[in-house]
Amino acid sequence: MSGWPFDYRSNRLWGESVPLDRIAEEIGTPCYVYSRAALAAAYEAFDAAFGGRDHLICYAVKANSNLAILNLFARLGSGFDIVSGGELQRVLKAGGDPQKIVFSGVGKRPDEMRAALDAGIFCFNVESRSELEMLDRVAREVKKTAPVSLRVNPDVDAKTHPYISTGLKENKFGIPFEEAESLYALSRQFENLRITGLDCHIGSQLTELAPFAEACGKMLELLDRLQTQGLEIDHLDLGGGLGIRYSGESPPSARDYVNALCGQIGQRKQRVLIEPGRALVGNAGVLLTRVEYLKHSPHRNFAIVDAAMNDLMRPALYDAHHEIVPVISKNDGNVKTYQVVGPVCETGDFLGHDRDLALSEGDLLAIMSAGAYGMSMSSNYNTRPRAAEVMIDGDRIHVIRERESIDQLIAGETIPSWRTAGLDCFLSPL
Ligand SMILES: *Cc1c(COP(=O)(O)O)cnc(C)c1O
């Protein structure tokens, strides 16, 4: 499978108006490639679906936090959902509007709260009573009032992979639905907090509307009750989680998803926030990799490629499926069933199982739908420098992150002078 903006033209895979083999020649592999047009189209589909309703799309930065991608979304008018002080710095550096930032996450540190208060963010999505107390204390210290939304756990089964389901009552996320009202009542007593919203997020890669609708219904019920109790809630944040097509899935479109939510919200006047991550970037990116070796055993055929679990962790972590396609397709090739694996010393280091491909050593492959939770989850395991990232814009390419060097990787490390008690011995590095 491939699909716009990555399509074949006479056996060659292109991204917008650039053949992907050209990028591999110029930049090397492994390399993430994103399409500017696809990123913008994904944002605009959500935005247009809201029509005239007061709304804010807060892109979930953790899906892909490259500055160029953040800058593109900021220019389109997007807000941002951050989960750390580091992501806050990225958004500010990329030109994001602090007044469009929501800060999520179960473990915000006081210094991160301070930085967000200094920046003047739109809202803190608070997940526990202890966090409310801490935020109030930090806000008092810096003489500010913190805008707060409580993240409520609606106890809805998102029917997705257990590692990415967050809205069930046994998850670590959010405030139990039954406790939400009493915690809202309590929040009013904090002098340095101002309650502004209501928030939930039930999971990721949801491919059906039903769980979203169920969660939305519960949140609206709660919203109405809070309003009758005299609390002024001026925004409703319904989180992210809309799935994408990796291979066989058929998730709802952005339009159908937004229409369903807005239909339920009806005439209510609150501003509506959503926090899509994957649905904005997932299908706008591919990971280019080169086949290094083919290894045939009596039982299996292995294609050993130069990308690995450190570059794209989703297969190893969630047993996730990414389509893997040749950059130059051959009509006359000898098709075999391959295990597509990386060079990392782990049996879990695979990118795809049982793929029917006609391969030769040196061939280029594109791992599709790698724009979300690819680069942002990458690591340096096995002292592998992280991949380069490129953005295509029409017929032009921009390197938006250089390939890491080994020197950058080890720059922060030092060898102590080993002056052990009494011995005063110094082992010089060789
Ligand atoms: C991860 C996350 C998102 C984005 O999820 P996607 O599935 O990528 O849309 C949104 N909100 C919160 C609070 C998250 O943790």
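Keep in mind that glycine also has a Cβ here, set from the backbone N, Cα and C atoms.
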Let me know which member of R268, R271, R278, R403 TrEMBL also records as binding substrate at the site of R314, Y318, E346, Y373. R278
Same-site pyridoxal 5'-phosphate binder from G241, G333, G412, given that TrEMBL records E275, P276, G277, R278, Y373: G241
Most crowded position, judged by CB atoms within 10 A, among G241, P276, G277 as binding-site residues: G241
Anything from the recorded positions G241, P276, G277, C345, E346 with its Cβ under 6 A from ligand 1? List those in sequence order. G241, P276, G277
Given the recorded positions K62, Y318, E346, find the one whose Cα is closest in space to the Cα of R278 (pyridoxal 5'-phosphate binding site). K62
Using a 10 Å cut-off on CB atoms, tell me which of the recorded positions K62, R278, R314 is the least crowded. K62
In terms of Cα spacing, which of the recorded positions K62, R314, Y318 are within 10 angstroms of Y373 (pyridoxal 5'-phosphate binding site)? K62, R314
